[in-house]
Ligand code: FAD
Ligand code: NAD
């Protein structure tokens, strides 16, 4: 039996960051992880590997389609070596998860590999893969057990041809025709990887637009770019069956008119969201309540129905994002230490790492309309920037929504090259409750993509963008 101030169950971005912050605050900390490597979904089968493949496939696409225009000639054909591409991705993952081992050691955090199961409010049994059992006793526990891919009741995920993101990150061949169910973040990011590598890609989306939770202007622009790249986008389609016949996968869906449509491919990626993961946790033994969709129920302090146990990240309500999980990890560690931390959930940015990248923070136009808030809009096209012309990244725009009376920025929505990095400026501005005029009066280096933010702010302030 080993005793700790804090035990963290799950080593994803929520769990490992919580453990580091607890250790920094002087608490004796343990982390329990059922997999052999640390880092959770994000580092092993999520954020990091998907971005590694997005980067590799982007290089390939540039080599095939754009190098020539830049005056770069490659003698002979440019070819994809998928095995090597996947191996590089895995090397990036291994290096990154290895980095978490280092951080645990550096912060004197004890790591237990095995399934963590509550015996009671203060005791967790860790069952190792070698059947050994260790009891960890902790004054406080942080549940950070994350999520797993969701599916539809009639789909049998065989992990060979009918797959989730986990398998899509390690395919042995490039699909001839990849059918993607769900036009959300995973579907579009991984869809773009395989489209660039030569697959035909059909996206079947239930709602009337892709990335339906983001500002409608972003969906429209991304849809335009994807259609130009010859993605087959099927929105307003309700999938009703997915069947495998040998190496073929047949997806049937009802379209907007209620007619049955059939799509035939060799792989089908099911990316219809993720579900909270609490299997094997035995939450009830500690008096922890789950909500009606299986998430660990928490109050405003992220405290569960057991007062010494907290929960964070994908396993609780809110956006399923690595940086949201990290913020919550720090929040809970500081709460346990007696501090009074704060998270503004409205200012957690959302990013889709397609190219062009899509990034948002704050309220969308749809949300402002629904809330009856009077707002003004400033929008600036990326193609009007010198930097965009230099790199030939002409698609997209920056849109700033500001309060009509006070000029306070209420939402920033952008699509374009490096939007994932540019959104940080909008987060800083909104954290300090900047007005559109504040941002419009700040110097932005020239030539940069960020000039579109200044120009959109000028457009929102007084309809006086300079370069359109
Ligand atoms: P997780 O990362 O899911 O970690 C939970 C950990 O707990 C796992 O390691 C699991 O093995 C362990 N565990 C579970 N139960 C137990 C138990 N009883 N005992 C011991 N261990 C247990 N988010 C972004 O912000 N940016 C991105 O670019 C991004 N890309 C993504 C791409 C893909 C393909 C996917 C699938 C997800 C992506 N996400 C991205 C989402 C991101 O991965 C999650 O939001 C994030 O990992 C959640 O962190 P977490 O700490 O809550 O849980
Ligand atoms: P998602 O919620 O982003 O998208 C799921 C999509 O599937 C939605 O557009 C939804 O309307 C659609 N859908 C649902 N049921 C359907 C049906 N029956 N038929 C057709 N379409 C249907 O979920 P995801 O793409 O699976 O990603 C899961 C989670 O992982 C997300 O919460 C996301 O935040 C996170 N993630 C984040 C990133 C990132 O930050 N860049 C990348 C990948 C994943």
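Even glycines carry a Cβ here, placed using N, Cα and C.
Under the DSSP three-state reduction, residue 446 (active site, proton acceptor) is assigned to coil, being neither helix nor strand. Annotation for residue 446 (active site, proton acceptor): spatial neighbours 386, criterion Cβ-Cβ under 8 Å with sequence separation of six or more. If you look up TrEMBL, you'll see 446 marked as active site, proton acceptor.
Cβ neighbours within 10 Å of residue 51 (FAD binding site), excluding its own Cβ and spanning all shown chains: 15. The FAD binding site feature in TrEMBL is assigned to 51, 116, 145, 146, 147, 314, 320, 321, 322, 323.
Within the same chain, residues at least 6 positions away in sequence whose Cβ sits under 8 Å from that of residue 188 (NAD(+) binding site) are 203, 210, 211, 222, 226, 352, 354. Look at residue 188 (NAD(+) binding site): DSSP puts it in a helix. The NAD(+) binding site annotation in TrEMBL covers 182, 183, 184, 185, 186, 187, 188, 189, 205, 273.
Residues or ranges marked as disulfide bond by TrEMBL: 42-47. In sequence order, 13, 322 are the residues near residue 47 (disulfide bond), counting only same-chain partners six or more apart with C-beta under 8 A. The DSSP secondary structure for residue 47 (disulfide bond) is helix.
Annotation source TrEMBL lists domain 'FAD/NAD(P)-binding' at 4-329.
Annotated domain 'Pyridine nucleotide-disulphide oxidoreductase dimerisation' per TrEMBL: 348-457, in sequence order.
The recorded positions near ligand 1, defined by a Cβ under 6 Å from one of its atoms, are 47, 320, 322, chosen from 47, 188, 205, 320, 322, 446.
In this structure, the C-alpha atom of residue 145 (FAD binding site) lies 23 angstrom from that of residue 184 (NAD(+) binding site). A 10 Å cutoff on Cβ-Cβ distances gives residue 182 (NAD(+) binding site) a total of 23 other Cβ atoms nearby, all chains included.
Comparing CA positions across the recorded positions 42, 182, 184, 186, 205, the one lying closest to residue 147 (FAD binding site) turns out to be 42.
A simple Cβ count within 10 Å picks out one of the binding-site residues 186, 320 as the most packed, and that one is 186.
The most densely surrounded of the binding-site residues 145, 147 is 145 (count of other Cβ atoms within 10 A of its Cβ). Residues 320, taken from the recorded positions 47, 51, 145, 188, 320, 446, are distinguished by a CB atom under 6 angstroms from ligand 2.
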